[in-house]
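See structure below.
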Amino acid sequence: MSDGDTGLFIAYAVIGAMAVVPIYYGSYSSLDRLKSSYKKKREHEKKAEFSDSEDEDEDESEAVTSEDAYMFPVYGSVALFSMYIVFKYLRADWINMLLSAYFAVLGVAALTQVGVRMVKGATGVKLPQYHVSVEHRSKTLVALRFTNLHLATLGVSAVLTAGYLYSKNWVVSNMFGLAFSFSAINLIRLDSFKTGMIMLAGLFVYDIFWVFGTEVMVSVAKSFDAPIKVVFPRNLVGGGDEALRMTMLGLGDIVVPGIFVALCLRFDRQQYLAKLGYARDQALPPALNGRHRGFPFATPYFNSAMAAYVAGLTTTIAVMHRFKAAQPALLYLSPACILSVVLTGMARGEMAQVFAYSEEAKEKKNKEEVEEEAKAGVEMRQGQPQQHRYNLRNQTVSATPMSGGELADDEQDTAATGEKAGGGASDASDTASDGGKPAAAPAAGKKKKKAKAGKAAKPKAKK
């Protein structure tokens, strides 16, 4: 085997590893913390503690429904062809400059998030947490939670981003790509296996058409100078002074199958919890030993999906090497991932559970709980003072019986306020004591009589 072949196979192996690692860790990161009879503390209480807890590490996810999955190939085709037209008729260097600036901002955020998770996962460190929020009329506009670790990783990410913009170093570009892949797999959630299969089937056709049917996909991939792919030089070994020639894999070939593999892992955990009799907002089953996350469970669907992804990626690389031509990776990855779930479900006799599984209801319930929690926090901050004022109004009004007569100025103001607040004495003030007719308004310019403290003025007798 020549040095050239050795370098090429090393590149293939590294590309494969860079595809598998974010899928594996992103899938486990997508597992939410279990709910139990343990109730979260109110937001204002957590702010007072400044504690760096597990609950606050969870990010808001984006659910993908079957309607979204049907439109994926359409949106992808429009975006891809638009980029092809832009690169064909406009200066590529200016376009890449704008895209680099855009991805630099995203890259800082992604690297910061991944860096924080890596340090916490490796060390288990918990640091004092700072809370910054901007509220307007009881509505939170901006809410930030961060620690010194976030600030440190943010600084490192900014330095790496500046270095990438200056040098376009392929190593830093790969760091961005891996961070983007991990974040996407962690945050994007398929709501069911039906949605996942629709998405994979649609993008299967999309990939074949744009790679084999046109030059668009390959042209954009070569012109697009941004971290949307992972690369490794094929002539790093034995290349001498020769310019580096890269082997590449698009991030779409990592993220799209990756979110399907992550769904398999969440289904495995759901199956395990169902056997234990787990229910939300109740005490955790004894088998979990009080652990809300990080407990072991069987992962047959996840294991088969990961094995299918590796097999599909290996097939892609082998065909590409054999025919010396670019290959649409989803041509092999999509059928492999779908078949892994179908075959595993058939072997275990769980096809009904596979197609009945849905995360849509769970996401809706989670949002309702968050809204209730926020509403309860607002009531805790504002409800009690309002109730106190309301009671004072009622007490003042009820201490002054409404008869049809004239009230002193201050008592009339109190009664009017009590009527607006919905006080129980408003009914008595609407009618006069003589036959239930409305009391006549006092004549203009007539001097009002002062009533004794705590008593209402007596009504004038009719002539």
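Glycine residues also receive a Cβ, built from the backbone N, Cα and C atoms like all the rest.
Remember, TrEMBL labels are computer predictions, not curated facts.
Annotated transmembrane segment per TrEMBL: 6-25 (among others), in sequence order.
Look at TrEMBL and you will find 45-64 (among others) tagged as region 'Disordered'.
Among the features that TrEMBL reports, compositional bias 'Acidic residues' is placed at 51-62.
Summarising the annotation, TrEMBL assigns transmembrane segment to 69-87 (among others).
Sequence-distant contacts of the transmembrane segment (99-119) (same chain, at least 6 residues past either end, Cβ-Cβ under 8 Å): 29, 57, 59, 125, 147, 149-150, 153-154, 156-158, 160-161, 164-165, 175-176, 178-180, 182-183, 224-228. Marked as transmembrane segment by TrEMBL: 99-119 (among others).
Under the heading transmembrane segment, TrEMBL lists 170-188 (among others). Non-local neighbours of the transmembrane segment (170-188) in the same chain are 18, 21-23, 25-27, 29-30, 59-62, 64, 103, 106-107, 110-111, 113-114, 160, 163-164, 227-233, 244, 246, 251, 254-255, 258-259, 262; each lies 6+ residues outside the stretch with a CB under 8 Å from one of its CB atoms.
As annotated by TrEMBL, transmembrane segment applies to 200-224 (among others). Residues of the same chain lying 6 or more positions beyond the ends of the transmembrane segment (200-224) and with a Cβ under 8 Å from any Cβ of it are 69-70, 72-73, 76-77, 80-81, 83-84, 87-88, 92, 96, 99, 248, 250, 252, 256-257, 260, 326-331, 333-335, 337-338.
Long-range contacts of the transmembrane segment (244-265) within its own chain (CB-CB distance under 8 A, at least 6 residues past either end) are made by residues 8, 11-12, 15, 18-19, 22-23, 26-28, 30-31, 64, 170, 177, 180-181, 184-186, 188-190, 193, 196, 199-200, 203, 221, 228-236, 299, 301-302, 304-306, 309, 312-313, 329-330, 333-334, 337, 340-341, 359. Annotated transmembrane segment per TrEMBL: 244-265 (among others), in sequence order.
Among the features that TrEMBL reports, transmembrane segment is placed at 301-323 (among others). For the transmembrane segment (301-323), same-chain residues at least 6 beyond its ends with a Cβ under 8 Å from one of its own Cβ atoms are 8, 12, 15-16, 19-20, 23-24, 27, 253, 257, 260-261, 264-265, 267-268, 329, 331-333, 335-337, 339-341, 343-345.
According to TrEMBL, the feature transmembrane segment maps to 329-347 (among others). Within the chain carrying the transmembrane segment (329-347), a Cβ under 8 angstroms from the stretch's Cβ atoms is held by residues 193, 197, 200-201, 203-204, 206-208, 249-250, 252-253, 256-257, 260-261, 264, 300-301, 304-305, 307-309, 311-313, 315-316, 319, 353-354, all 6 or more beyond its ends.
Taken from TrEMBL, the feature compositional bias 'Basic and acidic residues' covers 360-378.
What TrEMBL records for 360-463 (among others) is region 'Disordered'.
Here TrEMBL flags 383-401 as compositional bias 'Polar residues'.
Residues annotated as compositional bias 'Low complexity' in TrEMBL: 426-444.
Summarising the annotation, TrEMBL assigns compositional bias 'Basic residues' to 445-463.
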